[in-house]
Amino acid sequence: MKGFYRSKYITPSGEVRYAAVTQFEATDARRAFPCWDEPAIKATFDVMLIVPKDRVALSNMNVVERKPYPDDESLVEVKFAHSPIMSTYLVAFVVGEYDFVEARTSDGVLIRVYTPVGKAEQGKFALEVATKTLPFYKDYFNVPYPLPKIDLIAIADFAAGAMENWGLVTYRETALLIDPKNSCSSSRQWVALVVGHELAHQWFGNLVTMEWWTHLWLNEGFASWIEYLCVDHCFPEYDIWTQFVSADYTRAQELDALNNSHPIEVSVGHPSEVDEIFDAISYSKGASVIRMLHDYIGDEDFRKGMNLYLTKFQEKNAATEDLWNCLQKASGKPIAAVMSSWTQQMGFPLIYVEDVQEEGRRVLKLSQKKFCANGQDEGPAFPQWMVPISICTSEDPTCAKVKALMDKPEITVVLKGTKPEHWVKLNPGTVGFYRTQYSSSMLESLLPGIRDLTLQPVDRLGLQNDLFSLARAGIINTVEVLKVMEAFVNEPNYTVWSDLSCNLGILSTLLSHTEFQEEIQLFIKDIFSPIGQKLGWDPKPGEGHLDALLRALVLGKLGKAGYQPMLEEARRRFKDHVEGKQPLLADLRSAVYVTVLKHGDAATLDTMLKLHKQADMQEEKNRIERVLGAIPAPDLIQKVLTFALSEEVRPQDTVSVIGGVAGASKQGRKAAWKFVKDNWEELHNRYQGGFLISRLIKLSVEGFASEKIAAEVKSFFDSHPAPSAERTVLQCCENILLNEAWLKRDAEAMHEYLLNRK
């Protein structure tokens, strides 16, 4: 799925046809035409395509002429306008059959969303988002969108989520198409974020491009941050910035605590090294440090600096330090000095804090050291960060009482007027990219803020996530975290539940290696059943987007854990859905599907595969593919794995089917890893040199917890090299060993706690 390639689709009448599409980033424009294929060697492009006359032909620019081709009357010559100066990786062309919906922005830019034939309706949501987003960015950067038109198009076979080609943005169908009846809330949110991300690149990446791939993070980190700003502007009811912490910030910290992480800025030589850095560090850590920087500078100066950067370097290339210089000029703060500690060295700090009450003031002592996934900082040089610190207290949990820049290993901060009964919290809003370890007395005073909800949602989430990571690293005992998790029974916030759910999922996978898998399921049922009963199955009047997401999450979690009332109701509703009596609401489908499969048999699997075949929407097919692995019987697990490589599953989606098997159970994990080894040649041929190969490896092996398997994984990839996934393999082996150490350390204590809590 790279270079100029063909993408298979099925017409409404059931015929198989092909579209011709492009994906050039990072180094595949050279597969389509001879060129100096490097981001800094920019040119203007004049594109002409000779195509069958009944096909749609698109490129970056608008069509200026369409005339019959002299040698063959079934063809036409389509000529596109002269492009601005741009990089080769952003050139694009598409030839195929599409319908479209269109609109103009307030300043006259023509926006079209191209969809499969007969599905124009499904492009309306993305069109609405794009129509709001382009003017938002124009206003934010104070730089107009430089082209006369922009097309957003859904491509059937597509490896990435989307690609920001200038003026012709390509998407997976699931990242662009929304059907009012059959799309769930999380899909809408995903489409809004991806549209926001790709349109931000039209300025940041396309108008001003990184000098070299070392600075890829500038493109991706920035777009991954501003997509949230834009969705927050279009859909304030999504509470999207809280979701950022769970989706990006904590994900980046999880990866960046490993010894096999890498700095945000990486030197890049070979194309396989470029493919390798399209990861959570470039995107999610990049976005997190930009969020921290934006908070440190303030919105007004940040926008001034961005405008300076975009106008100074338009149609040119820039490096990380160019952005720092512009932001420094606009804000008068030492941006380059602060930020280089975050982009040029890997990892992030753990801040230890203790306090003393003196008269009417609280004195805090803060010290920093590198946070390591194994709890030990083994580095010879102790890295230091310039950390923007903010601190709030229970006097006003919503805003920082004190801000300071921590530029040495230890600092003291004084809070005036803070009384003994006030709690003190570091990092309000969870904006600073660091973890916090409190002295036991400070932690004790914070925990009631979880139960009585006086802590802000994002701070309840951050506190729980920090504790979970400290336990995972062996700095505190996991039992302490289980106790804190029980304090979340009154939690109303979707994102807080979502993060809690992820961490319980990690524990559940870890404990699948022990004899007391059942006890952790019981624990999950106890934590989730009160909120599950409160929410019920059916949406109530006046509920919004987040209620829908929460209901789906909670019911799915209870169903997987085998909560009886949920299981019976899921089976009943599934039966009605299959028989056509009462179709399931899109928002409930994943939860119901995974529940009936997890406790299902061969007949359940057959029914699911039938639903998959009948599904007209790619979103529904994906929804089913992701949960098939939940089926428990070994012979059925094999059937699912075989299905993953069949014609029924689009090539980019095979990975999530195999990942679903690996993540579902102990049997699944073993079977999926064996399947990957047995079918390595085909899988490698399909996905080599792209991020899908890394994702496949990560999903299939990261749940293991024994040194023996880590060695096996290492030796397998020594003899079957996958250059663009080298770092992923090292990270996976490191994680497997960390899991083993975690079990050795805490499994007994957890078992005892889970048995005695009743």
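Placement of Cβ uses the backbone N, Cα and C atoms for every residue, glycine included.
Feature list (source: TrEMBL):
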| type | residues | note |
| --- | --- | --- |
| ACT_SITE | Glu198 | active site, proton acceptor |
| BINDING | His197, His201, Glu220 | Zn(2+) binding site |
| DOMAIN | 1-90 | domain 'Aminopeptidase N-like N-terminal' |
| DOMAIN | 125-342 | domain 'Peptidase M1 membrane alanine aminopeptidase' |
| DOMAIN | 423-736 | domain 'ERAP1-like C-terminal' |
| SITE | Tyr283 | site 'Transition state stabilizer' |
Tertiary neighbours of His201 (Zn(2+) binding site) (same chain, Cβ under 8 Å, six or more apart): Glu164, Asn219, Ala223
C-beta crowding around Tyr283 (site 'Transition state stabilizer'), within 10 angstroms: 23
Least Cβ-crowded entry, counting other Cβ within 10 Å, from the recorded positions listed as Glu198, Glu220: Glu220
For His197 (Zn(2+) binding site): intrachain residues, at least 6 apart, with Cβ closer than 8 Å: Ala162, Glu164, Ala223, Ser224, Ile226, Glu227
Between Tyr283 (site 'Transition state stabilizer') and the residue listed as 'active site, proton acceptor': CA-CA distance (Å): 13
Average pLDDT across the domain 'Aminopeptidase N-like N-terminal' (1-90), rounded to a whole number: 96
Integer Cα-Cα distance in angstrom, Tyr283 (site 'Transition state stabilizer') to Glu220 (Zn(2+) binding site): 5
Summary of DSSP states over the domain 'Aminopeptidase N-like N-terminal' (1-90), given as helix, strand and coil counts: 6 helix, 39 strand, 45 coil
Extra residues within 8 Å (Cβ to Cβ centroid of His197, His201, Glu220), Zn(2+): Glu164, Glu198, Ala200, Phe204, Gly205, Asn219, Phe222, Ala223, Ser224, Glu227
